Structure formats: structure tokens, C-alpha cells
Amino acid sequence: MYNPQLNKNGELSHLLSVEGLPKAILNQILDTAASFMEVSAREVKKVPLLRGKSVFNLFFENSTRTRTTFEIAAKRLSADVINLDINKSSASKGETLLDTIDNLCAMHANLFVVRHASSGAPYLIAEHLQRVGRDDIHVVNAGDGRHAHPTQGLLDMYTIRHYKKDFTQLRVAIVGDILHSRVARSDIHALTTLGVPEVRAIGPETLLPKHLDKLGVHVFHDMNEGLKDCDVVIMLRLQNERMTGALLPSAGEYFRHYGLTPQKLALAKPDAIVMHPGPMNRGVEIHSAVADGSQAVILPQVTFGIAVRMAVMSIVAGN
């Protein structure tokens with residue numbers, strides 16, 4: 001079956017979504033990321049894999065962790081990194097997305113890292129590059145609308161593998177605003193592909209997408225029930241900027257029912273880890289005692305994200 005992310009040899013040429021990628025490619029990325037962890041421990045944190053290549057960061061939405069870690073990752077691969085200031089670019093004057101891409105291609109771009117509010121924007125760019133015969137230029141999706149955030153999903157998988165080793169023995173809970181979360185979608189596809197036997201979605205009915213059961217996900221509206229005996233708890237923030245209409249009574253009411261407190265975390269396994277893609281809203285989806293506690297691996301997630309993004313860019317570029 002045709003997959004726009006793969007070249008004619010079945011190798012990863014763009015990373016647009018975790019969905020549809022074979023398990024072997026996910027493991028290739030995770031294994032490559034593990035090898036890059038050593039680079040971050042060196043005095044000189046550089047490898048020459050993208051020397052002479054130009055990486056353009058195109059962030060049409062705000063970002064701290066993702067944009068910064070992509071920039072660090074590209075520089076550690078020895079790439080030349082160009083951060084396009086969208087507010088000062090011709091895009092703010094009405095230039096179309098594909099016209100922007102064509103102009104950057106004329107500047108000898110090799111790889112685009114794209115975050116966009118519109119679902120499917122990275123696919124549009126990848127298809128355009130193929131149509132104009134630029135198979136030598138690669139696209140990495142850094143988050144598109146509510147659709148996907150594949151590198152966040154992959155760094156979450158790396159974090160889980162680092163602490164739990166065997167995916168096939170795990171019970172993983174994803175808690176919060178799953179309806180609007182591109183991270184949740186990427187995590188669910190990655191977890192099921194890697195063989196996690198039980199993925200749980202916990203949240204109010206208004207914040208859970210329909211048909212999660214068709215993805216093999218177990219749905220819980222009671223957080224206490226959903227957390228029982230879980231090995232991994234992934235907390236999500238409320239995506240207020242993507243909500244239309246009143247989906248929640250109040251932040252305080254939400255915290256009472258779905259905020260992760262030490263008491264609720266105690267229902268999971270004693271060695272359960274707590275993850276969060278950031279930014280965190282303390283006192284809304286997570287209590288500070290949990291966020292700063294011994295079971296939280298939120299800051300290691302950020303560290304692992306550099307190695308994972310190094311792996312993704314290196315692999316799509318043909319290394």
C-alpha cells in the first residue's frame with residue numbers, strides 16, 4: 001500500500017505521522033536515538049551526519065520545547081539551521097504555504113521541520129515536493145493541527161522503553177483532553193504498533209473522540225478506575241485554544257475529577273511513571289507534588305527528545 005512517508009525502497013523519507021509506519025521503522029528510530037544519547041554526553045556534542053545540509057524550521061504555531069530541541073538536534077548533526085520568523089516572513093503578507101516552500105527550495109533547503117495549525121499541512125508540502133521532482137528534500141512534521149505530533153509520540157515511546165523495557169507487558173493510561181490532542185493520537189498509534197496490550201483513555205465524555213474502541217483503546221470516564229494497576233500515566237493539558245463551545249464547567253471542577261494527585265497516582269502500580277508532553281498546567285491536570293515527584297519523568301522526556309529528533313532527521317536524510 002502506498003505510504004507518502006516512504007521512498008521506493010520502503011525507507012523513511014518524510015516523517016508525517018506515526019500512523020501507518022511499520023514496527024521495524026519505529027524500532028529503527030528508537031535504536032538510532034539510543035546511539036545518539038552518547039553524543040549528548042560528549043564534551044563536543046557534534047557528529048557530521050548533516051554537515052553541509054540546510055534545515056529550515058517553519059513554525060506557524062508557537063513552541064518552546066519542540067522548536068528548541070529540533071534546533072539543538074540539527075546543530076548536533078552539524079546542519080546549518082535557519083529559523084524562519086513567520087510573523088516577519090512573506091507568509092504574513094499573504095504568500096501561500098507552497099510558494100513559501102518553493103522559495104526556500106530555491107535557497108537550497110534540504111529538510112523542512114513544519115509545525116502548522118492546519119491538519120495535513122506537512123502532507124501537502126511532501127506531496128508538492130514529489131510533484132515538482134524534489135525527492136531530495138525531506139519533511140518532518142512537528143505538529144499539525146489536531147492530527148499528529150509524530151516526534152513527540154516517538155520520544156514518548158523512547159521514554160517508556162528506557163524505563164519499562166518491554167512494551168508487551170504494559171498497561172498505559174492517557175488522561176485528559178484526548179479529543180484535541182495530536183500527541184494522544186500519535187501515542188496511541190505508536191503504542192499499539194509496538195505491541196502494548198492495553199491502552200486506556202481517561203477523560204470526560206466531551207473530551208474523548210468517538211470510536212476509540214476501534215483503535216483497541218479502553219475508555220474510562222472515572223479516573224480512579226482507569227488508573228488501577230497502570231504502568232505508565234501520560235497526562236495531557238486542556239487545549240483551550242482548539243476548543244469550540246463550553247466543554248468543561250471550570251478548571252477547578254476538571255482538576256477535582258481528572259487532575260493527577262498523589263492519592264490518585266497511588267492507584268497505579270508503585271513503580272508507575274508519569275509523563276507529560278508539556279506545557280504543564282499545574283493545578284489543572286497535574287498536582288505539583290506529582291509533577292515534581294520521584295515517579296515523574298517529564299524532564300527526561302525533554303532530554304530524550306533531542307536524541308529522537310536527531311535520529312529522525314538523520315534517517316530521513318538517508319543516513
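One-based numbering along the chain as shown.
Backbone N, Cα and C atoms are what each Cβ position is placed from, and that goes for glycine too.
These figures come from a predicted structure and were not determined experimentally.
Taking the Cβ of His149 (carbamoyl phosphate binding site) as reference, residues of its chain lying under 8 Å away and at least six apart in sequence are, in sequence order, Thr66, Asn141, Ala142, Gly143, Arg182, Val183, Arg185, Ser186, Pro277. Under DSSP, His149 (carbamoyl phosphate binding site) is assigned to coil, being neither helix nor strand in the three-state scheme. The feature carbamoyl phosphate binding site is assigned by Swiss-Prot to Arg65, Thr66, Arg115, His149, Gln152, Gly278, Pro279, with sequence analysis given as support.
Residues annotated as L-aspartate binding site in Swiss-Prot: Lys93, Arg182, Arg237. All protein chains shown were included, and the count of other CB atoms within 10 Å of the CB of Arg182 (L-aspartate binding site) stands at 23.
Of all Cα pairs drawn from Arg65, Thr66, Arg115, His149, Gln152, Gly278, Pro279, which the record names as binding carbamoyl phosphate, the longest spans 16 Å. Here the binding-site residues are Arg65, Arg115, Arg237, and the one ringed by the most other CB atoms within 10 angstroms is Arg115.
Arg115 (carbamoyl phosphate binding site) falls within a strand segment according to DSSP.
DSSP assigns Arg182 (L-aspartate binding site) to a helix in the three-state reduction.
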